[in-house]
């Protein structure tokens, strides 16, 4: 007999479904926009597509699995472990995509004349592939043995049971907090976030330095170029800020759970942290729509062409790759 759902669980499920209904169409629209608009085909937007793919998977896969775990079905230990690992893979993929975007922006302002020969679409695809492979390695590490099976088996055998343990499937019952804090957070989340902060600080410094230089007659229009780069850096730094704001609370709660086992953790705080982490997948398309004109124009074109059946002005695909707010 399936477990009954409380009013609190029903509210949780309703909010998760709402997040998924915003996240999946929004990020599919991002991928669609890059596909139909040639002006959104440079390396930066390749990394943005990778980020959008991870966000689509959060809405289409992770949130349904989170709802399933919240209901608390009884499953075999390794079945529950397989349900818990996708969120680790997708979180890591998002972090590495954001890091790749930060490095890309740094190279664009550090070596503007050589940028297109250094950062080619082919190399961007190789970088994205490497990021996903690394994400699977990090996210599937609990499947290789760093999990709570030993502790669960002790309790299982102490009760006189045999075979693989059957448990109430919950994330913290199968995923080791040592893994989440020491390996996942301290190695694969916090250092990349700090590195990205340093990279964007350097990007802003280089841009300000160039903008403060006097413009010579033979220099083309560096003020315009670096002005655009400043706008895109601000937009992408905002994406990074929202990611950190969304995911750090959950990792901080994990640290409290590990280092202070006796500390009482209000359940509502855990739910808020979960909502923030899942809600991040719905934020990026909104930021793109408001801050990147080429995305905004392409979104409207897709809407008019495919949903309103009204022709929209054509997007100039021969125009140079768009910068936010340009």
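One-based numbering along the chain as shown.
Here the Cβ of each residue, glycine as well, is placed from N, Cα and C on the backbone.
Residues or ranges marked as topological domain 'Extracellular' by Swiss-Prot: 1-10, 70-80, 147-176, 260-267. According to Swiss-Prot, the feature transmembrane segment maps to 11-33, 47-69, 81-102, 124-146, 177-201, 236-259, 268-292, an assignment based on sequence analysis. The topological domain 'Cytoplasmic' feature in Swiss-Prot is assigned to 34-46, 103-123, 202-235, 293-326. Marked as disulfide bond by Swiss-Prot: 80-169. Sequence annotations record features per position, and here Swiss-Prot assigns N-linked glycosylation site to 148, 159. Feature annotation from Swiss-Prot assigns S-palmitoyl cysteine to 309.
Sequence features annotated in Swiss-Prot and their locations in the structure.
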residue: 80; record: disulfide bond; CB count, 10 Å: 26
residue: 148; record: N-linked glycosylation site; CB count, 10 Å: 20
residue: 159; record: N-linked glycosylation site; CB count, 10 Å: 8
residue: 169; record: disulfide bond; CB count, 10 Å: 23
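Cα of residue 80 (disulfide bond) to Cα of residue 148 (N-linked glycosylation site): a span of 11 Å.
Here the transmembrane segment (236-259) sits apart from the transmembrane segment (47-69); fewer than 3 CB pairs are under 8 Å, leaving out pairs fewer than 6 apart in sequence. With a cut-off of 8 Å between Cβ atoms, the residues of this chain six or more beyond the topological domain 'Extracellular' (147-176) that come close are 68-69, 72-81, 83-84, 88, 257. Look at residue 80 (disulfide bond): DSSP puts it in a helix. Sequence-distant residue pairs (6 or more apart) of the transmembrane segment (47-69) and the transmembrane segment (268-292) include at least 3 whose Cβ atoms are under 8 Å, placing the two stretches in contact. Of the recorded residues, residue 159 (N-linked glycosylation site) and residue 148 (N-linked glycosylation site) place their C-alpha atoms 17 Å from one another. For the transmembrane segment (268-292), the residues of the chain that approach it from at least six positions outside its boundaries are 12, 15-16, 19, 22-23, 26-27, 29-30, 48, 51-52, 54-56, 58-59, 62-63, 66, 91, 94, 231-232, 234-235, 238-239, 242-243, 245-247, 249-250, 253, 299, 322-325, judged by C-beta separation under 8 angstroms. Calculated from their C-alpha atoms, the gap between residue 169 (disulfide bond) and residue 148 (N-linked glycosylation site) amounts to 12 Å. Distant neighbours of the transmembrane segment (177-201): 88, 91-92, 95-96, 98-99, 102-103, 105-106, 138, 141-142, 146-147, 233, 236-237, 240, 244, 247, 251, 254-255, 257-259; these residues of the same chain sit at least 6 beyond its ends, with a Cβ under 8 Å from one of its Cβ atoms.
Counting only same-chain residues 6+ beyond the ends of the topological domain 'Extracellular' (70-80), those with a CB under 8 A from a CB of the stretch are 2-3, 5, 9, 12-13, 149, 152, 164-170, 173-174. For the topological domain 'Cytoplasmic' (103-123), the DSSP-based tally of helix, strand and coil residues reads 15 helix, 0 strand, 6 coil.
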